[in-house]
Amino acid sequence: MPDSGLLYKEWRQNKVALVITILVFILGNPLSILNMYLIYQGCVTGKENWVGPCVFSVDYLNSSFISLFWIWGVVLAVSQLGIERSKSFFDFTLSLPYTRGQIFHAKFLTGGMVIVVPQLIGYVLSVLLIMLLKPDQAVYFHNYSLGMIIVSMLAYSLVMAGGALTGNSFAQLLVSFTVAISPFLLISLPVINLEILFGGSIDFIHGPVPKWVQYFIPIIYVDSKWAENSPYYLVIPAIMTIIFYIIGYISFVKMSNERNGYFFLWKPLNRPVQIIVIIIGIMGFGYFGFTASESFAGYLIGMGTGAVIGFLISYFAIYKKMKLL
């Protein structure tokens, strides 16, 4: 259990973000139900302006406030690591009489409690509200409400891991987003380029893929369609949350957090990542050039353009130190 002094410091330092997040998590779920109820009441009082029967349905796949809860996990992680480092508060934090492991645990516990507890409170309030309003049906309510807690923690732990590897907020967000779409970048994009080069279709990418495989792609949880499937699939983001937590913890403890402003805290990562960015730029723009011109010449021009853009982006993002706030 982290020291109470560290927990208090986290609260004081990130109080605005924490309070806003708590309020959003507590009120978001009940407000979603109230919004659906008001829409139903609007139908009842103005039937002549509506098509079809008036049905009070709590349908969480048809847009709700809680569909964006994962964003607040991102906001908390950036506030706790990226912004703190950019404002040069991190040197003070590391000078406190605590180990780096204790500091990371305090940050993660604070963020985790703010994500989990208020959402559980909002869930209980929503259950009571449903019992009071008695909707005709509640579609995916329990699966989506409880699953969003896991999804929010996944977003939080992913961005915390990104922040433990990087030296500024921009780098933290960029690395986190790249990891979120990494299966596409590492598998689908190379296969698409191989199809262009060899002029044929590769069965691996177009053949049947088990449904559970897609849930290893973090970005997939931005779309609420995951709630339609078995709740057992939520074991996958729960496991990924633990993995990202471990990566973040090890990176925070082992790397030179004092190197404020740089893209990566560990310099040996710079060159390999730059090469990967250039390769992705070549493949991405090559595919775009081929689809735009439907010719191999367009593919080559796209590859050349991607190489230049990939080099420039990687050079200025990775090797140029950002000014501190």
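In case you wondered, yes, glycine gets a Cβ from its N, Cα and C as well.
The transmembrane segment annotation in Swiss-Prot covers 16-36 (among others) and rests on sequence analysis.
Long-range contacts of the transmembrane segment (63-83) within its own chain (CB-CB distance under 8 A, at least 6 residues past either end) are made by residues 10, 14, 17-18, 21, 24-25, 28-29, 31-32, 35-36, 107, 110-111, 114-115, 119, 122, 144-145, 148, 151-160, 162-164, 166, 168-173, 176, 221-222, 224. Here Swiss-Prot flags 63-83 (among others) as transmembrane segment, drawing on sequence analysis.
Within the chain carrying the transmembrane segment (113-133), a Cβ under 8 angstroms from the stretch's Cβ atoms is held by residues 18, 21-23, 25-30, 32-34, 37, 56, 58, 66, 69, 72-73, 76, 141, 145-146, 148-149, 152-153, 156, all 6 or more beyond its ends. The transmembrane segment annotation in Swiss-Prot covers 113-133 (among others) and rests on sequence analysis.
Look at Swiss-Prot and you will find 146-166 (among others) tagged as transmembrane segment, backed by sequence analysis. Tertiary neighbourhood of the transmembrane segment (146-166): same-chain residues 66-67, 69-74, 76-78, 80-82, 85, 104, 107-108, 111-112, 115-116, 119-120, 123, 172-173, 175-176, 179-180, 218, 221, 226-227, 231, 234, 237-238, 240-242, 244-245, 247-249, 251-252, 255, 263-266, 269, selected by CB-CB distance under 8 Å and a gap of 6+ residues from either end.
Summarising the annotation, Swiss-Prot assigns transmembrane segment to 179-199 (among others).
Per Swiss-Prot, the feature transmembrane segment maps to 233-253 (among others).
As annotated by Swiss-Prot, transmembrane segment applies to 272-292 (among others), with the evidence given as sequence analysis.
Distant neighbours of the transmembrane segment (298-318): 170-171, 174, 196, 263-264, 270, 273-274, 277-290, 292; these residues of the same chain sit at least 6 beyond its ends, with a Cβ under 8 Å from one of its Cβ atoms. Look at Swiss-Prot and you will find 298-318 (among others) tagged as transmembrane segment.
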